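**Student:** Before anything else, here's the structure in question.
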DNA sequence: ATACATACC
DNA sequence: TACTGGTATGTAT
């Protein structure tokens with residue numbers, strides 16, 4: 001009886017893992033039960049099935065644990081969590097940025113569409129790209145049968161016996177991808193490709209310019225059919241493939257359309273609205289490639305991604321940039337649609353009766369108690385309809401790997417030679433990108449589909465076949481020995497390298513910080529380009545997450561970029577300052593990133609004290625100091641060093657909004673750990689925060705942003721104040737016109753903060769253990785940085 | 001740092 | 001017959 005019960009539960013739960021995923025476009029209204037039955041019948045008893053079952057049970061245990069935890073939560077805890085969550089929400093809310101226009105473009109059934117285009121026979125047949133073992137994608141016809149990506153071909157065949165399976169032609173897809181990317185670049189030169197067929201674009205700048213474009217610049221011709229390589233089918237194809245016009249287009253210029261028959265001369269004029277611009281882009285894609293794309297338009301990437309799916313295929317959807325529209329949109333959005341919430345997260349959330357984003361918002365307090373900080377922060381952003389409002393430039397790669405699946409391989413000898421082959425392939429790939437890595441990971445999957453990884457990090461970097469194989473071989477050998485006298489029965493082997501070091505020098509980091517703080521040194525120790533690269537690298541080691549960049553700092557980036565040109569214009573002056581000013585003798589001094597004065601020491605501890613002082617002393621702020629000429633030069637010089645590197649870097653990730661957010665949440669959300677230890681670590685500095693002038697009664701802290709004293713010694717409260725203050729200042733500053741000389745304080749403060757943050761960043765990189773804490777605010781920055789570095793963030797998503 | 005899990009295309 | 005491959009990141013130890 002018990003057995004029975006357990007078995008039936010097993011089966012039932014198993015379904016959720018194994019069953020058809022019909023949340024993709026083109027899969028609505030299918031006979032799920034029938035499809036699932038076929039899938040089950042095809043899978044049952046296989047090793048794969050058994051393994052999936054095992055994993056499913058693991059997830060179930062995880063859920064049970066979570067439910068147990070949930071049961072132990074008291075009303076009081078929940079209430080307290082609710083307060084925290086609401087506070088965090090209000091801070092997040094303040095950072096909402098609806099000013100950007102983000103577009104997510106996604107080709108429709110990409111590989112399948114390419115194959116259909118090139119083989120008209122396939123046009124009205126259900127087809128898929130891949131193999132009997134695995135499909136990459138299927139056309140919409142096949143989707144009606146439940147055939148979809150990531151399904152093995154042999155099961156797909158059972159669902160749809162007439163299915164035609166075409167093998168992949170990656171070179172072709174890459175070529176098409178290059179074509180569409182050319183078009184993307186016209187709308188956003190910094191667009192971010194997510195795969196061959198998908199990209200995020202920031203349309204904001206394009207739209208601004210577009211307003212003043214003449215019609216001629218917005219006019220695009222239909223593909224000239226007489227030149228088409230496939231003349232006889234092209235007429236058919238055109239009607240077939242080109243539902244270019246959409247009812248939703250606001251000012252559709254139907255009247256200008258050429259007749260269907262007339263080749264060559266037909267053209268269309270597109271308007272200046274977002275919809276028109278995106279429609280134009282999709283039109284051009286189709287004319288150029290004879291393939292269709294779908295797009296989503298929204299104020300951030302997370303939403304844009306969801307929107308692009310909404311009217312797929314060959315459609316687009318715009319989510320207006322108002323809070324109301326966003327919240328309405330989110331309301332009934334299934335959590336599974338959100339990038340970053342997959343099968344498992346969905347199941348866990350479902351167990352808590354959460355299936356839509358509005359549920360997510362309603363249950364935040366609970367979620368904050370049951371999930372990790374990163375997770376619930378992500379949930380929180382999702383529930384508020386927040387996401388990344390800028391397109392992060394592509395980060396340097398963090399790993400490279402190659403793996404192969406094969407029929408059972410049990411002989412050690414063969415395993416070693418396969419391992420070597422993999423290393424050869426990998427070394428070749430590494431060479432193409434000039435990479436050297438310190439970590440080698442071996443991946444093994446046995447015939448029961450159990451996956452194992454074994455890694456080793458070396459004190460040096462490797463790049464050649466022999467070097468990599470030497471490590472991989474050892475790892476493999478250990479595994480074989482562990483299993484002996486049984487052989488390892490493998491079905492997959494893979495080798496991955498990670499922890500890359502930059503090929504040129506890879507100097508000790510300590511040197512770089514000195515270099516950075518010694519303006520003259522840039523010139524003397526190498527070209528500024530080298531410096532740039534060094535810093536860039538260090539930067540990358542810190543760039544935890546390319547995904548979620550908070551709105552505020554994103555703004556900085558754009559701002560800094562705007563400033564960059566003017567900074568560059570000062571290059572002459574800078575060069576002058578650093579050579580004639582103090583270039584040669586600066587090896588004994590460091591430049592304070594707060595006051596920009598030289599500090600005559602090379603002792604970082606002393607220097608650190610100076611900065612402590614500076615941060616707490618308003619008169620040291622450059623905008624208030626009596627900026628003599630020489631100081632201005634220093635200032636510029638400093639900027640010169642930073643212009644290329646720091647400014648970009650700032651924008652990239654160490655977003656200030658994120659910092660305040662992180663620190664804010666960190667300090668409150670993990671009272672046991674974060675806040676407590678922070679406070680302990682900081683107690684001395686809190687005291688030092690107290691203004692010398694005001695050594696009065698109650699505890700007082702000075703806000704580094706508004707400079708006003710805050711009558712509290714509660715770091716959480718103070719922290720919150722600083723966050724609010726910062727947000728307000730930044731928003732105000734950015735909301736207003738260009739920073740006229742009328743309004744320097746805010747700007748200056750921001751800059752100071754930027755440098756301060758950067759400074760902290762360096763320090764956290766170099767693990768300077770002595771006096772790492774400069775002041776409460778810096779601590780927040782630093783903590784936030786550390787948090788970032790350790791936990792990364794995602795997404796926003798997609799990604800955040 | 002390592003291992004394993006989740007997610008995305 | 002037959003359930004991928006590549007990359008990044010989150011979670012746990």
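A Cβ is built for glycine as well, from the same backbone N, Cα and C atoms used for every other residue.
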**Student:** Given the ranges A:46-76, A:77-107, which one is assigned the annotation coiled coil in TrEMBL?
**Tutor:** A:46-76
**Student:** Looking at A:528-557, A:558-587, A:708-737, A:738-767, which one is region 'Disordered' according to TrEMBL?
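**Tutor:** In TrEMBL, the region 'Disordered' feature sits at A:558-587.
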**Student:** Go through the chain and flag residues at least 6 beyond the ends of the coiled coil (A:46-76) whose CB is under 8 A from any CB in it; none is fine as an answer.
**Tutor:** 10, 13-14, 16-18, 344, 347-348, 351-352, 366, 369-370, 447-450
**Student:** Where does the mean pLDDT land for the coiled coil (A:46-76)?
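**Tutor:** PLDDT averaged over the stretch: 96.
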